[in-house]
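The structure under discussion appears below in the form of structure tokens.
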Amino acid sequence: MGSPFKDHHTLHPSLVRKLIPWTFYAMVPLVLFRVYLYPYPLHHTTTTILTSSPVSPPPALLEDETSCDYTDGNWVPDRRDPLYNGSTCGTIKEGQSCIAHGRPDMGYLYWRWKPKQCKLPRFEPNTFLQLLRNKHLAFVGDSMARNQLESLLCMLSSVSPPNLVYRDGEENKFRRWYFESHNFSISVYWSPFLVRGVEKSNTGLNHNQLFLDHVDERWAADMNGIDMVVLSIGHWFLHPAVYYEGDQVLGCHYCPDLNHTEIGFYDILRKAIKTTLKALVDRKGPNDNGFDALVTTFSPAHFEGDWDKLGACPKTEPCKEGEKTLEGMDAEMRQVEVEEVEAAKMNSVQLEKFRLEALDVSKLSLMRPDGHPGPYMHPFPFAYGVAERVQNDCVHWCLPGPIDTWNEILLEVIKKWEYASRREQ
């Protein structure tokens, strides 16, 4: 299936000639308006920034844009092309570059999330960079955190190319980019539990170990140099694991060969988030410069069959309203995360410059079974016919794809915070 607007790219030549003069005169006031509101250049500057850049006013913010229930809405057709593609963005993980890997249908690119009560604007890369000028944003968590980070990097790269300034570890699990144009850094930290953990391996443990009363210092040790953090975990809690608290075994999840009590993973996820948010409040809450934190809620998978069979996630369009309901494990994981964010907000209410929100993307993600790589996690999987086993990724998201909407909402949360800060001044 192609774009639902497959013919919208074609214009008759005579119509084009008529439109050009009109377009020119129509653009003049728009250009002047943009220069007035957006003083920063659209393209990457070569000026070397050795110290913090002076903070200039961010774009004008409208009060009616700062309050919205983004969870209540629908996916509607959208004529506009994505801000980037596999050839214009070099940070897309190979397994999420669906078009470059031969995915034939393009329709999944032409939808936008429309909240029922308000407007969700298209992502504005310049606005994001202006609001985060002189700051360091970190994405911390599992591969969904990395997926969201790479989406954001690609959209920002459409106006200002970043420089990769740090890399450590296998599979690009720890990286940092620098936007010289705005003295702005973005990092990604691999920490699938947020708390201290030992991951299972092919040569060692056949289960994970989690130490629930200790935050993972692999990322937390850098907290003093971070201004905003986006936390994203969940899927790794489904794996077999043994849990420790106070140096004692608390229990386990799916450990039939061990003499431990089976306690599942919902309460463990809650403890991990609670420990993490408490560490943020304790270490960054008293900071006079302020600190912002967001928790991206659980993103449902869309397996409709065996992961290694053709058709594991075959959909090519979003779900319609009422077609799917957030329930079971997906709903429980989201609820735990939202509840712990609200509890941490109550515990930090006296900290004026500590801001915390849940980036609630569970429902809108549930409604996009068409947005996963599926078999196109590998290049041209059917070039030699359909094999007996076809590996599918029905968890992560194609880039570009529905996950770009997460960062549109992220920007709106930041704009809401900025508006509140201005109003208080």
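Quick reminder: no glycine exception, Cβ is built from N, Cα and C everywhere.
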Cysteine of CYS89, CYS98, CYS118 paired with CYS398 via disulfide, per Swiss-Prot: CYS98
Second cysteine of the disulfide that Swiss-Prot assigns to CYS313, among CYS89, CYS118, CYS154, CYS394: CYS394
Of ASN85, SER143, ASN183, ASN259 (the recorded positions), the residue whose Cβ has the fewest other Cβ atoms within 10 Å: ASN259
Largest tally of Cβ atoms lying within 10 Å of a Cβ, found at which of the disulfide-bonded residues CYS89, CYS118, CYS313, CYS394, CYS398: CYS398
Rounded distance in angstrom between the Cα atoms of CYS68 (disulfide bond) and CYS154 (disulfide bond): 26
Top Cα neighbour of ASN85 (N-linked glycosylation site) in the set of active-site residues SER143, ASP393, HIS396: HIS396
10 Å Cα neighbourhood of HIS396 (active site, proton acceptor): matching recorded positions from CYS118, SER143, CYS154, ASN259: SER143
